[in-house]
Amino acid sequence: MNTRKAGFAPRTFILLLMVYLLLPLLATGLYAFAQDWQNSLLPKSWTLNWFSEMFKDIRFLEALWTSLYLCFISVALSLAVMLPAVFVITLYFPRWESFMKGIVVLPYAVPGVVAAVGLIRTYSSGPLNIAGTAYLLIGAYFVVILPYMYQGIRNSLLTVSAVELLNAAELLGARRRTAFVNVILPNIWPGVIVSTLLSFSVLFGEFVLTNMLVGGHIKTIQVYLYQRVGESGHLASAIAISYFVFILVLSMVLMKLGKKMGGGVQG
Amino acid sequence: MKQRKRGVILALIPFALMVLAFQLVPILSMLTSSFRNEDGTGFTLGNYLHALQSAYYMQAIKNSLLISISSSLLGIVIGLVCAYCITRFTPAVRDRLLMLSNMTSNFAGVPLAFAYIILLGNNGVFTLLFKQWGWSVFSDFNLYSWSGLILVYVYFQVPLALLLLYPSFYGIREQWREAASLLGAGPWQFWKTIGLPILAPAIFGTLGILFANAMGAYATAYALVGGNYNLLAVRIGSLVAGDVVTQPQMGSTLAILLALTTLLAVYLNHRMLRRAQRFGGSGLLGKPQPKGNTVQRLRPAAREEM
């Protein structure tokens, strides 16, 4: 089954699949470099104008900056909250794990639109009126990346046998906190970095929550892209393609990191 | 000892607070609100009755269900055929093909809708080309309608289906095929009586994920058709104007209805995964893989909701 050369039928099917999957990407890419593309199979003339225009557009740079720092804050907050919590749960309360799995799977089962309605309901009135602010968005982002962070940290802890490591460190006279910071953290760091990057790329592409919760006030790169789609096709494709390349580079780094750890820790 | 306990509680409190505040409380508040009267008091089933009786909302629900079911089925069929085809290639090619397919799963939501507008929209490159070449077959194709939505939905379903189905093909051992053919079964009979039944849990499980994925997909449809096509997710979004819910009770009711379908689908996936593990050991849903598998499996599921 493994080494035989693929027959005619598989080749055709896969070729068709690849055309279907890659054509939209290719078209966006060509459109971003095309000066004028009408009534011909390929653009007649090429230009880098759209890219230079993109970088001259102050609103684009602002949106990029907003996206980056919102994602950064959310991921950092999630790290700070999740690291100790997952550590304690895996170590002291392994019985809670099935409950945790339920909590963690919820963001998957509850679509973004639904989550957004709930969040707006809760925070648009009452004592905590933070509707339309970055606080609400960061809270929502925290829930979005919860599964990735939980799984990533937990798997890293399990693969390095954190319990045994901790016991050994204590036997050698280290205090628990010292053991956590000096022994466990350095060991799980690679796995944690993988889930951090993964979370970052997920948030960078997030549109539903951003648009519904704060769309009018805070413009991330996705919201900006949505607003530009109607205006200039070429400029928007330049943005879309740059965004895609950015995410691609990020996932390549992820894959390299994942491979480096021998497949033991997969973010 | 006491100090350690304090440390443990200190480590858990921020986590519990965040999950409560941004996950559990909103869901609960939405649930209660869906049972409230128009003025936000009392208890009523009226909202649900209204949603299920109103032709407008029913149409949205029906459209969403239809598009989710058809795009999931199409995705499954294409995914199955292509996953099988990929197993026929040499390992190096296989890896590259899977990588390409995974790569395109990053291309979702607004950018995806946009790419399709460039290609097939009213002034799309291909639309104009076909017109010029006089290919009238495509002249009644409209990207901003049912057929266009299906095309785009299938686009983000296929890589996901491929990713989830591909490993389960390794549960089918070459020896079984040889044994079956020794006993006189042709390839068709082999797949009908052995291959497909073994794949069945994986197929149904994947179907659940694909369905939930399509039901919850908002960005793609929103960017493509806006309010022009009546879909449940878009309808819910439109009940939320700016950052207030204009009709909080109705919005909550529809959101709960949507969440019910996706929860059901994800539950189906969960049951099927358990079944596959029970009767097939580790070989069925992928080679014995590290536990990080779960995230890998689920990762693209969240992708479309952006």
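Every residue, even glycine, has its Cβ placed from backbone N, Cα and C.
Non-local neighbours of the transmembrane segment (A:12-34) in the same chain are 6, 42-43, 45-48, 50-51, 233-234, 237-238, 240-241, 244; each lies 6+ residues outside the stretch with a CB under 8 Å from one of its CB atoms. Taken from TrEMBL, the feature transmembrane segment covers A:12-34 (among others).
Annotation source TrEMBL lists domain 'ABC transmembrane type-1' at A:64-254.
For A:67-93 (among others), the entry in TrEMBL reads transmembrane segment.
The annotation transmembrane segment is assigned in TrEMBL to A:105-124 (among others).
The transmembrane segment annotation in TrEMBL covers A:130-150 (among others). With a threshold of 8 Å between CB atoms, the same-chain residues lying at least 6 positions outside the transmembrane segment (A:130-150) that come near it are 70-71, 73-75, 77-79, 81-82, 86, 100, 103-105, 107-108, 112, 115-116, 119-120, 123-124, 195-196, 198-199, 202-203, 206, 209-210, 213-214, 216-218, 267.
Annotation source TrEMBL lists transmembrane segment at A:179-204 (among others).
The transmembrane segment feature in TrEMBL is assigned to A:235-254 (among others).
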Which residues of the same chain, at least 6 past either end of the transmembrane segment (A:67-93), have a Cβ under 8 Å from a Cβ in it? 100, 134, 137-138, 141-142, 145-146, 149-150, 153-154, 157-158, 162-163, 166, 180, 184-185, 192, 196, 199-200, 203-204, 218, 220-222
